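**Q** As annotated in Swiss-Prot:
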- Arg48: NADP(+) binding site (BINDING)
- Arg126, Ala127, Ser128, Ala278, Lys293, Pro294, Ile295, Pro296, Ser297, Arg319: FMN binding site (BINDING)
Amino acid sequence: MAGNTFGELFRVTTWGESHGPGIGVVIDGCPPGLALDEAGVQKMLDRRKPGGGSIASTARKEADRAVILSGVFEGKTTGTPILIMAHNRDARSSAYTDIAGLFRPGHGDITYTAKYGIRDWRGGGRASARETFGRVAAGAVAAELLRLSGISVAAYTLELGGIRATTIDVGQVDQNMFGCPDSTVMAAMTDRVTQVKRRGDSVGGIVEVRADGVPAGLGEPVFDKLDADIAKALMSIGAVKGVEIGAGFEASGMTGSRSNDEITPQGFATNNAGGILAGISNGDRIVARAAVKPIPSIGITQQTVDTNGKPASISIKGRHDISAIPRINVVCEAMVCLVLADHLLRQKAISWTR
């Protein structure tokens, strides 16, 4: 199975399945001397772990305690591969026994079977969101590397269930269960999720990620453009179905005079480019958005087929999120951190004489 590794110089490989013994990541290419311990990684992981307190989140309880098995000595990275893992403690495979022979609508069951001829039906196996543990653990390492260069990355809920934030105050993100920067829409979001949950259905939304302090010059034309890699990173997350940078799709309806970010001695007058021009960072804030689809595991009865192609109906009763938001927010943040850390190292490799 290819496609488990991401990055060029700062490379990460995730491993593990939803109901296997454990999950984790191997990070290769992290420079030596970086301060790193399990507590620091855990702080970021706690934002994505199951049972995090939101009414939109799964009832599955996983501590997801990070264990660093290699690549760190006396609190510093050694430059060798870093392995971070956690054990799966609360997997209940019996919840999937009755539907093991059915293809779940909206899931990768049917496509994994088509590709490999075999699939792990316990919670989606490798296609489960449990895989994102490794992404976030690696993102925590990347975030520390970026911090040393004055770069910070933050993600928040821009929209949930069709209800959109009207103002952005990142100081409010950690103050509510949905990770939303606008407290005035919290009641509406709560009502929306509650109603959908009562029906046994699910909702999607939009996550916005911003990166500040990114220097001009990151990105490798033409096929490794910074925005292309950010788009790939976000699209690689299972629930993400669309990505835009800066003005994004709105730019298609603009005139050139409105779309262009005029340049002044103090910098850019606007940021429709989202901090990236010609695939290279321009020194402005990087802004990306990810469209997150509704969780496909729902209690409402739907039509499907079994593994023999015969018609069947299915209603999924396991412990599932009502929305991937807000748990997916930190996954989006982590993926942008990985891209920026990789491109930062790539830029340093060609500019060390300057």
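Glycine is no exception: its Cβ is also placed from the backbone N, Cα and C atoms.
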**Q** Translate the DSSP assignment of Arg126 (FMN binding site) into the three-state scheme.
**A** helix
**Q** Measure between the Cα atoms of every pair in Arg126, Ala127, Ser128, Ala278, Lys293, Pro294, Ile295, Pro296, Ser297, Arg319, the residues the record assigns to FMN, and report the largest value in Å, rounded to a whole number.
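**A** Output for FMN binders Arg126, Ala127, Ser128, Ala278, Lys293, Pro294, Ile295, Pro296, Ser297, Arg319: max Cα distance 44 Å.
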**Q** Rounded to a whole angstrom, what is the C-alpha distance between Arg126 (FMN binding site) and the residue listed as 'NADP(+) binding site'?
**A** 17
**Q** For the residue listed as 'NADP(+) binding site', which residues of its chain lie six or more apart in sequence with Cβ-Cβ distance below 8 Å?
**A** Asp64, Thr132, Phe133, Val136, Arg327, Ile328, Val330, Val331
**Q** What three-state secondary structure does DSSP assign to Ile295 (FMN binding site)?
**A** coil
**Q** Have a look around Ile295 (FMN binding site) and count the other CB atoms within 10 A of its CB, chains all included.
**A** 22
**Q** Radius 10 Å, atoms counted are CB only; among the binding-site residues Arg126, Lys293, which position scores highest?
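**A** Max Cβ neighbours within 10 Å, all protein chains included: Arg126.
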